[in-house]
Amino acid sequence: MGRYRVRVATGNSAFSGSNNQVQLWLVGLRAEVELGLRLRPARGQMEDFEVDVSEDLGPLQFVKLRKIHLLIKDAWFCNHITVWVFEQSMEEKEIVFPCYRWVEGDGIICLPETTAWMIRNESQGLFQKHQEEELKARRTLYGWVSWKKGIPLSVAAASEKDLPLDARFHEEKKVDFERTRVVGVTEIALKRLYTLLSSWNSLEDFDQIFWGGKSALAKRVRLSWKDDDFFGYQFLNGVNPTLLRKSSSLPTRLVIPPGTEDLKAQLERKLQEGCLFEVDFSLLAGIQANVIQGERQHLAAPLLMLKMEPDGKLLPMVIQLQLPGSDSPVPPLFLPSDPSLTWLLAKAWVKNSDFQLHELQAHLLKTHLMAEVFAVATMRCLPGMHPIFKLLIPHLRYTLEINTRARTKLISNGGFFDQAVNTGGGGHLDVLRRATTCLTYRSLCPPDDLADRGLLGVPSAFYAHDAVRLWDIISRYVQGIVQLHYLEDEVVRSDPELQAWCREITEIGLCKAQERGFPVSFQSRDELCHFVTMCIFTCTAQHSAVNQGQLDWYTWVPNAPCTMRQPPPTTKDVTLEMVMATMPNVHQACIQMTISWHLGRFQPDMVPLGHHKEQYFSGPGPQAVLNRFQEDLYTLEREIVARNESLDLPYEYLKPSRIENSITI
Ligand SMILES: CC/C=C\C/C=C\C[C@@H](/C=C/C=C\C/C=C\CCCC(=O)O)OO
Ligand SMILES: [Fe+2]
């Protein structure tokens with residue numbers, strides 16, 4: 001018996017309130033009581049009321065709530081319920097029941113209090129029963145589907161409309177996304193009109209559709225894209241810093257034609273000096289090229305060799321556009337000393353190939369589709385009271401919707417890839433399949449990946465430096481939360497939901513990825529922390545590193561052509577007509593610019609890394625861990641700002657303030 005003050009907090013997004021009435025129960029260890037209230041929750045409001053309860057409820061464990069609709073069903077977004085207990089001779093006690101979900105229909109929803117997972121074993125199985133019912137419902141809502149064979153599984157949803165309401169964009173996000181699509185389509189139409197009667201026979205003609213550039217760096221790209229050091233820089237710190245690796249030997253595919261022995265001597269010298277680097281696009285070899293509006297597009301599978309200069313500049317040394325084969329046992333090598341247009345076209349072929357592997361492998365597969373596997377497995381295996389659910393859920397916001405939209409608009413039949421990309425038309429799916437077969441656990445963990453690629457400690461590798469710093473900061477955050485909930489390794493080993501989550505990711509979502517180093521169980525807190533750190537890093541920092549740069553590096557189309565309309569050159573006499581006949585045409589270039597802006601622009605409702613408002617945990621312990629996380633991020637922010645001040649090209653994509661807390665675009 002005692003007096004209770006109850007606070008009902010409603011979300012702040014549009015339509016979060018409800019005209020339906022809400023009924024509440026307090027459920028204690030010894031009894032439960034219906035509060036007899038009928039409140040209509042209002043958007044952005046916290047509504048308090050007090051009740052005297054005659055029964056002895058015992059320690060509160062759940063709040064139960066139900067929305068009652070007479071005529072119209074009106075979903076309600078409940079943030080949380082907070083209860084203060086005033087009991088005789090005891091000071092006031094605050095108990096929080098997090099929700100952060102839509103309340104639809106008229107079923108009863110059970111909210112466990114925030115520390116429930118810690119006391120679940122002593123509570124007569126009440127929490128166990130709740131968890132089982134919750135997961136049974138979630139497994140119905142979040143199903144797996146194989147969208148295309150050979151790539152990670154996705155959420156079962158033919159379009160975003162089929163997703164559960166809790167996985168959908170909130171109104172503000174939806175309105176902004178749809179508005180941007182309309183702006184983009186309008187811009188393409190206007191540019192087509194504008195260029196109908198104009199020439200398209202010089203590289204400067206791309207200016208006709210480059211309306212002012214959407215970023216300062218995009219304008220710099222337009223001015224400097226032809227420069228070799230600017231070209232090389234992008235493989236360290238551009239929109240795709242994931243392919244560059246330090247050479248441990250001359251690649252076997254690099255067949256040196258007779259008469260170019262001095263090149264071989266230069267390469268070997270750089271190799272000995274430990275400053276030879278390579279980017280190999282062999283993954284594209286033999287991929288079927290797209291046919292766009294009846295015009296066959298073309299693909300290459302380049303190898304690029306570069307040398308790291310003492311001043312940190314990365315300069316291209318040689319480009320081989322095709323793998324040696326029966327029809328071309330010694331493919332021509334293109335050099336910086338070749339005629340300028342020849343060398344420029346060879347570099348353009350490298351950047352077109354980089355566009356394919358960046359968007360399909362680094363961006364779509366290694367961030368978006370990985371995050372989707374984490375999201376579906378989390379919803380299917382971890383109950384809302386589980387500490388790893390609470391830790392991860394803020395980093396999974398909106399990901400299922402943006403990925404579903406990608407499957408219906410970008411990589412679908414007739415989508416962006418089919419309309420304007422030379423791997424479109426099905427080749428893009430083969431690239432995804434090939435990239436999936438070489439998707440290792442190590443490649444998703446920067447300390448391992450960058451060590452394997454020889455990029456640790458390289459002074460001009462700013463992505464590498466910032467990625468390792470962020471990994472360490474996220475790792476400390478994850479360890480802080482894990483150590484509060486798992487007091488020894490045995491607790492990890494004997495957590496059935498956690499072990500099921502691990503297996504669901506590796507064996508189901510990633511299609512038996514244990515062969516690629518992914519775990520099928522966690523035997524220690526360290527193993528758990530490493531994996532969860534990888535999940536959060538992938539959903540935040542890594543996506544930021546490969547998404548934001550689309551706006552800066554892809555809107556000046558010649559710097560990263562989305563398609564190539566002529567075969568790669570096999571001789572050194574390249575003309576401007578050949579270059580313009582190869583580069584994307586006006587329509588394809590307009591589509592590339594629009595998509596790059598749509599996907600790379602700053603999201604107006606973005607939540608910066610570590611600054612989500614939802615409070616799934618409560619108490620001083622988790623809050624102290626989160627506070628330390630935010631402090632560490634702020635320290636890194638200041639470090640990066642200071643470092644960037646001395647750089648001609650600041651590297652901004654891993655500045656914590658620019659890293660979104662989840663993959664939403
Ligand atoms: C250029 C993008 C290439 C590959 C995709 C890589 C990652 C997925 C992407 C998500 C996109 C999701 C939705 C885009 C939908 C529509 C865009 C506008 C086109 C249209 O509306 O027709 O990550 O950002
Ligand atoms: Fe993205």
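Note: Cβ is positioned from N, Cα and C throughout, glycine not excepted.
A TrEMBL annotation is a machine prediction, not a hand-curated record.
Quick look at what TrEMBL annotates:
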- 2-117: domain 'PLAT' (DOMAIN)
- G17, D74, A75: Ca(2+) binding site (BINDING)
- W102: site 'Essential for stabilizing binding to COTL1' (SITE)
- 117-665: domain 'Lipoxygenase' (DOMAIN)
- H363, H368, H543, I665: Fe cation binding site (BINDING)
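This view paints the features noted in TrEMBL onto the structure.
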residue: G17; record: Ca(2+) binding site; Cβ within 10 Å: 20
residue: D74; record: Ca(2+) binding site; Cβ within 10 Å: 16
residue: A75; record: Ca(2+) binding site; Cβ within 10 Å: 17
residue: W102; record: site 'Essential for stabilizing binding to COTL1'; Cβ within 10 Å: 20
residue: H363; record: Fe cation binding site; Cβ within 10 Å: 25
residue: H368; record: Fe cation binding site; Cβ within 10 Å: 23
residue: H543; record: Fe cation binding site; Cβ within 10 Å: 26
residue: I665; record: Fe cation binding site; Cβ within 10 Å: 23
#### Entry: Spatial neighbours of H368 (Fe cation binding site) among the recorded positions D74, A75, W102 [C-alpha, 10 Å]
none
### Query
Under a threshold of 6 Å between Cβ and any atom of ligand 1, which of the recorded positions G17, D74, W102, H543 are retained?
none
### Summary
Restricting the recorded positions G17, D74, A75, W102, I665 to those with Cβ under 6 angstroms from ligand 2 leaves I665
### Query
What are the other residues, in sequence order, whose C-beta lies within 8 angstroms of the center of the C-beta atoms of G17, D74, A75 at the Ca(2+) site?
F15, S16, S18, N19, N20, P41, K67, W76, F77
#### Entry: Other residues, Cβ within 8 Å of H363, H368, H543, I665 Cβ centroid (Fe cation site)
L364, T367, A371, I402, V546, N547, L599, I663
### Message
From the DSSP assignment alone, can you count helix, strand and coil residues within the domain 'PLAT' (2-117)?
### Response
2 helix, 65 strand, 49 coil
### Summary
One of the recorded positions W102, H363, H543, I665 has its Cα closest to the Cα of G17 (Ca(2+) binding site), namely W102
